[in-house]
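Asks: Let me give you the structure first, and then I'll get to my questions.
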Amino acid sequence: MFTLGSSMKMTVFGSSHGEAVGSIIDGFPIGFKIPLDYVQKYMEYRRPGSSILTSQRKEDDEVEIISGLHEGYTDGSPLTLIIRNKNVISSYYSEIRENPRPGHSDYTMFLKYGEFRNYEGGGFLSGRMTAPLVAAGSIAKAYLEGMGIKVKSYMRSIGDVECSRVSGEAYSFETRMPDPECDARARELIMRVMKAGDSIGGRIDTVVENFPGGVGEPFFDSVESSIAHAIFSIPAVKAIEFGDGFRLASMLGSEANDPFDLADGKIVTKTNHNGGILGGITNGMPIRFSIAVKPTPSIHIPQQTVNLSTSEKTTITVKGRHDPCVAIRAVPVVECLTSFVLLDLLIQSGNVNRYARKTR
């Protein structure tokens, strides 16, 4: 439900228009000095209102850590992270109480929770709930970086604009496409879509470097299963593929297999079509996966819906502040959430000790 993880667990709480959102981390290694500036940097990458290309709901997204630290170091008790909601306008959502938005979870929440559903701003199924994912995941990401493990995500495509090259840092570009030409084209597309009152989707690629081999379990607890389980908690994510994914279905075995080789006395593979995972277990090569993020369902174009009280067809035009391309703000969410999963897997496998350190 609201808890993720095995040896290290994260529980999220709050809702889009509640007092706050947050996360509780239980099982994080003891004695780690949390780099608060680093955490806040990733919150800024995700923060709404930071660009004309994102939702204009302006939030500070400052993370408060109210437990789990002693003199700046993790002390073994649960870390509690809180992000206050300060820019809430619930009146925008009065219409969707009876008229569910097409493509949104309004209707399925009605089926499950009935009159008790939290519909304002999407409630606890809002994209706002990715803020605590970034807060918790960025701490895990900082820990992994201390081990030399790098987790990087970027926009591979937005609509029909595809970026097949990486020529810069994704966060240096407004669209998170790591190339100046692609960034400019994608920005123009988003502005055009936004002017029309519509939205557009995108694809996010992720690469994990320097992750050790031999991590993961076969069958139901494979590395792919663990990552996918977490990634699908991000609203609007509808697909994931590892390595070459669906392209493998049209390849020959002689093409899809990754031949083994030696490099500096270490076994490596010449290619990486399988994305660094075989049999659910990492092989020491970079972990690669891609996700598809659908267009934001809240758009300013009139759409047909059905009134839940009268059972009559009607039309809804969504009000409020919404992302024309929500995939852009999902990039740091994917990075941080992946980092949390990978650190949990490393703790499970014994690659990470419960103690980051016992002395300062």
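One is the number of the first residue shown, and numbering goes on along the chain from there.
Any Cβ shown, glycine's included, is placed from N, Cα and C.
Here Swiss-Prot flags R46 as NADP(+) binding site, drawing on sequence analysis. The feature FMN binding site is assigned by Swiss-Prot to G279, K294, P295, T296, P297, S298, R321.
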Asks: Within a 10 Å radius of its Cβ, which of these binding-site residues (G279, P295, P297) has the fewest neighbouring Cβ atoms?
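Replies: Ranked by other Cβ atoms within 10 Å, the binding-site residues G279, P295, P297 bottom out at G279.
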Asks: Please report the number of other Cβ atoms within 10 Å of the Cβ of T296 (FMN binding site).
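Replies: Around the Cβ of T296 (FMN binding site), 23 other Cβ atoms lie within 10 Å.
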Asks: If you count other CB atoms within 10 A of each CB, which of R46, K294 wins among these binding-site residues?
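Replies: The largest 10 Å Cβ neighbour count belongs to R46.
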Asks: Write out the long-range same-chain contacts of S298 (FMN binding site), meaning residues 6 or more apart in sequence whose Cβ is under 8 Å from its Cβ.
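Replies: Residues satisfying the criterion: R101, H104, S199, V318, G320, H322.
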Asks: Please give me the binding-site residues out of G279, K294, P295, T296, P297 that lie within 10 Å of the residue listed as 'NADP(+) binding site', comparing Cα atoms only.
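Replies: Cα filter at 10 Å returns nothing.
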Asks: For S298 (FMN binding site), what is the secondary structure by DSSP, using just helix, strand and coil?
Replies: coil
